[in-house]
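One structure is given here, and the rest of the page talks about it.
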């Protein structure tokens, strides 16, 4: 085909993903050349420390600490440094010099995505970022290309492997959060400081990226409502199980009609998922993205959400695409944000809820509770009342499943329940997704 | 962006998919224009009968019976006629005139794919066919682009909704094949003549397309080994269930090392799939493609495998891609078949097997059976022997799970077992996939 063509590829970063990308570029040169239409010459790998230990051997002569010089004259720049700076500056330099870029940097995309896409548009270059969401799972390309003729209605996604691993083990073993977290840290599934994962920051970055793409709208990271899993305990998972549900940390991206106008809601929080739902069988540190589209119906994409070599697969797929585009010339695909839908605050989100109350077991309590719910525009779908055994007083646990309600109505109603005098304690309030 | 640009789109065929494509093109014009970078003007719809009833209304003035004239001057030609001719001739005409083409025609691709791809290469046009395999599920683009930097090792795919619907109901209800088939025909899940589905012809076409793409090798349809589900009965499904398996009609595409050389095996047959495998929970008429890649690990793509509007989503995604490419100019992506791996005959396939024998329940029988297996290079992994109750004679059912064996060894061994004198009947031989 075009084996005489050669493209210069610069790699910035040689951590767990970067070092695997270097290894695969060097090992599979012939196959990649065939698929890309040009040889991909790895001209250098920018690292912070030339002597740091790495997962794979990179020839010493390829290593450099000078990223800025490395990317001069490169046709394709792969950024796997992570963090905002200097990644942002280097990618802008690369784009301005006409290189096509590939990045797996979700933090950068979620905060400075529009800036990068605009810089690419200016020079007719392209930005590829399949590795930024859900590791090896092809989800960016399906959303941007395969569903380009459809309308995405909703995405429910498990995009953080650490929290799925923790919740899955809590579900399987009845174990407590702190114990599983400690074990996950010991096994390398969670970091020493687990905040980014367990508080939902990582998932929120991915939600912003997915929603931007699915709804052709710029979704700022700070507009994504975010709750983590630190409040999820063994009792909550057990009662979810008893009711036929599993608790998952979900990124939810929804197209909505709100007060007569089209809008979107983007949020990350633990949610009850029915055990028969495809997302319920996503175990361990795996990821899955469940997409509901107007024409295509329900789709699910499943696989490893992290891991150096797995994510390297996504990066190399992007490198081949970037190479084909670089050869073909013409304009980049560009990120369409023309739809520019308004982003709803969390109070305007709608979903079903499960409210668990501890109440006195005496006549009239249920009627009072039901009245408060009705007054608050929260419609009851299911109620289950059980005596709380063994504490002498006559107390009951009331588990209420609601129909779809507005988050702000639900919040107001729960406050009114808490101060109503008939409710001892609001044990939990959980969103139910995917029903 | 480029709203002044316009592309002429011709649609050939207005059946269940085609009429939905026409409706979506007409209804979502603005959104499609934004995503494609040009307005997509539907210039005509070629049909056989102007007055035939259709799923959606197509303006009368767009209809024509003259496909050949319609495609003159078109930028993008969508072929949803089905069948080999005149679809093949029309697509070649379109490609030779420089149009990019979109087709959902699996029969045509499986038999004349290379001819179409070559015609496209000659003029720098492109052939898009996401709708040809697994309906709405994006699988072509992930295989061709997302995994372009990886090596696919194996694909296990449920690509025929009719047979999955039948097998799923047999599994859930313990029903018999003929009863479920009759019901499926009544409900529209199976056609009056179900041969193409139940004998595996449809799945074999899709297997040829998937394997060609995954292994960068031309896979002729007649080289795909094919078995259907007509021999699967309630007893077989019940004994699979008892052993923790479900029976699925699988398209299997495998990269193999055979006698020291790299090769591929492509086949369609019923197979035992462990109930914990992600493919086991694919119910009803849904499709799923399970991909194992060297770097990416296990991936699964799940969704509706058929349906007019669902498949129309895949077609429109392709139309947007074709439009972007048409505007960008340059060369088409092309189908890489450079790897050109040899295709193994079914005798050289390897997998695990479950062999169910009815034997006399007397001393030495198991030793004889085990000896024949060992002589035939078939290694035993599990054995379960049960008395066959109630028929007076002392007979037993022997269920043998093998380690990985060569198909021709297995076949020879089963023949020797059948004629050994200790085996009354070979009740079933099933391949076990995905373990």
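Each residue, glycine too, has its Cβ placed from N, Cα and C.
Over in TrEMBL, the protein carries these features:
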| type | residues | note |
| --- | --- | --- |
| ACT_SITE | A:206 | active site, proton donor |
| BINDING | A:12, A:13, A:14, A:15, A:16, A:17, A:18, A:19 | NADP(+) binding site |
| BINDING | A:106 | NADPH binding site |
| BINDING | A:191 | L-homoserine binding site |
| DOMAIN | A:354-431 | domain 'ACT' |
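When other Cβ atoms within 10 Å of the Cβ of residue A:191 (L-homoserine binding site) are tallied across all protein chains shown, the result is 13.
DSSP places the residues of the domain 'ACT' (A:354-431) in helix, strand and coil in these numbers: 23 helix, 34 strand, 21 coil. Spacing of residue A:19 (NADP(+) binding site) relative to residue A:191 (L-homoserine binding site) is 20 Å (Cα to Cα, whole number). There are 29 other CB atoms within 10 A of the CB of residue A:18 (NADP(+) binding site), with all protein chains counted. In the predicted model, the domain 'ACT' (A:354-431) has a mean pLDDT of 92. Cα spacing between residue A:17 (NADP(+) binding site) and residue A:206 (active site, proton donor): 18 Å, rounded to the nearest whole number.
Looking at residue A:13 (NADP(+) binding site) and residue A:106 (NADPH binding site), their Cα atoms lie 15 Å from each other. Following the DSSP three-state reduction, the secondary structure of residue A:13 (NADP(+) binding site) is coil.
Of the chain residues outside the NADP(+) site list A:12, A:13, A:14, A:15, A:16, A:17, A:18, A:19, A:11, A:20, A:21, A:22, A:80, A:81, A:308 have their Cβ within 8 Å of the site's Cβ mean position. Counting only same-chain residues at least 6 apart in sequence, those with a Cβ under 8 Å from the Cβ of residue A:16 (NADP(+) binding site) are A:55, A:307, A:308. Listed in sequence order, A:132, A:133, A:202, A:205, A:206, A:209 are the same-chain residues six or more apart from the residue listed as 'NADPH binding site' with CB atoms under 8 A from its CB. Sequence-distant contacts (6 or more apart, same chain, Cβ under 8 Å) of residue A:14 (NADP(+) binding site) comprise A:22, A:45, A:47, A:54, A:58, A:63, A:80.
Cβ neighbour count within 10 Å across all protein chains ranks A:13 highest among the binding-site residues A:13, A:15. For residue A:191 (L-homoserine binding site) paired with residue A:15 (NADP(+) binding site), the C-alpha to C-alpha distance reads 15 Å.
Proximity of residue A:12 (NADP(+) binding site) to non-local residues of its own chain (separation of 6 or more, Cβ distance below 8 Å) is seen for A:18, A:45, A:46, A:67, A:70, A:71, A:77, A:78, A:79, A:80, A:81, A:87, A:90, given in sequence order.
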